Amino acid sequence: MIRRLAAFSALSGLATAWLPEVNKKITSTNGTNLFTSSNGKIRGVNLGSQFVFEPWIAEKAWSDMGCGGQKSEFDCVSRLGQANANSAFASHWGSWITQDDIAEMVSYGLNTIRVPVGYWMREDLVYSDSEHFPQGGLQYLENLCEWASDAGLYIIIDLHGAPGAQTPQNPFTGQYAPIAGFYQDYQFEGALKFLEWMTTNIHQNDKFRNVGMLEVVNEPVQDAGKVGSMRSSYYPNAFKRIRAAEQSLNIDRNNYLHIQMMDRLWGSGDPNESLTDTYYAAYDDHRYLKWASVAVSKDSYISTSCSDQLNSNTPTIVGEWSLSVPDNVQWNSDWSPDSNKDFYKKWFAAQVTAYERQQGWIFWTWKAQLGDYRWSYQGGLLLTRPGIGDQQVLTL
């Protein structure tokens, strides 16, 4: 179905795109293949709050930027003014995720990063009289992708913040919008222009050489009846526009980007409903038992995760998940992270085992300022040190 390509060369003229090990082997600059120990499965982390800041993740960093009390990037830029905001966000972009972070991820056996970005990274799409977002992020995205590519990490770029906001009152869209304004033709057009632009950057800039997947929108409204236009118009046009951009660059079909959508289980309908071509389509599911209709007990969480089949569109990557439990119990003695490490190790193992029945997993998130490893892969690492490939860790 998909032929295996020759080993990746970091010195190739145009960057390429693929699923690692399925379509192509990739290595770091020193020749290490991070996917060997995972049998090709994706084992990754999200870089939450790097380019789309979610204040709940890092309240101190948010306050230090001068954004304290603001709900979203839009609100902070409005408050600080463009020039001051650009300076504050540049400082954040240069310090939140560093090259040392990338090296640490590799040392823990991870092989993939998912990078949430907003459409405003293409700055000519922003209505400057009514939209307020930081400027200058592309340079920092380039640097990050170069570090990750040199380290041999696979990279997924995710349109986390869509024009008009794809869901209301949520800072992960970059704004705290009262309604989901994304589901209109002119907003779709803005997102499509972003996808074309990002596709061209990925293929023409060698710093993006390990970007193999582009997610066209993160977490749309979970009501299939309200987002029919996304399935009938936006998804098919995203495929057409991305492929047209690749064809204009004479990219070989085997080097196309995988185009990722939320899967049917997410609740926004079947993403394939109006697609006429699913070549190099990929799918994303987010699995937070914290908010699921599951009995709140340790046995229930373990058994649910052990039996989780996630039968849906394929190939599916579980692109977000965590170890957090419901707010009303999360700091009780029965659930506190400090006194229940053995349970959380077992639950971690149960989840990754289930998700590797699919294409793999990406934990939310790499780092946070919560003092809680249930949301921060870096923050405890009692779970994975010295590496996720350690069979002792993965045994229930």
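For all residues, glycine too, the Cβ spot is worked out from N, Cα and C.
Per Swiss-Prot, the feature active site, proton donor maps to Glu219. What Swiss-Prot lists as active site, nucleophile is Glu320, and the listing cites similarity to another entry. Taken from Swiss-Prot, the feature N-linked glycosylation site applies to Asn30, Asn272. Annotated signal peptide per Swiss-Prot: 1-17, in sequence order.
Everything Swiss-Prot records as a feature, shown here on the structure.
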residue : record                      : DSSP class
Asn30   : N-linked glycosylation site : coil
Glu219  : active site, proton donor   : coil
Asn272  : N-linked glycosylation site : coil
Glu320  : active site, nucleophile    : strand
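The Cα of the residue listed as 'active site, proton donor' lies closest to that of Glu320, out of the recorded positions Asn30, Asn272, Glu320. All protein chains considered, the CB of Glu320 (active site, nucleophile) has 22 other CB atoms within 10 Å. Long-range Cβ contacts of Asn272 (N-linked glycosylation site) within its own chain (separation 6+, distance under 8 Å): Thr278, Ala281, Asn313. Here Asn30 (N-linked glycosylation site) is positioned 30 angstrom away from Glu320 (active site, nucleophile), judged by their C-alpha atoms.
Within 10 Å of the C-beta of Asn30 (N-linked glycosylation site) we count 8 further C-beta atoms, all protein chains included. Its Cβ taken as reference, Glu219 (active site, proton donor) is surrounded by 21 other Cβ atoms within 10 Å in the chains shown.
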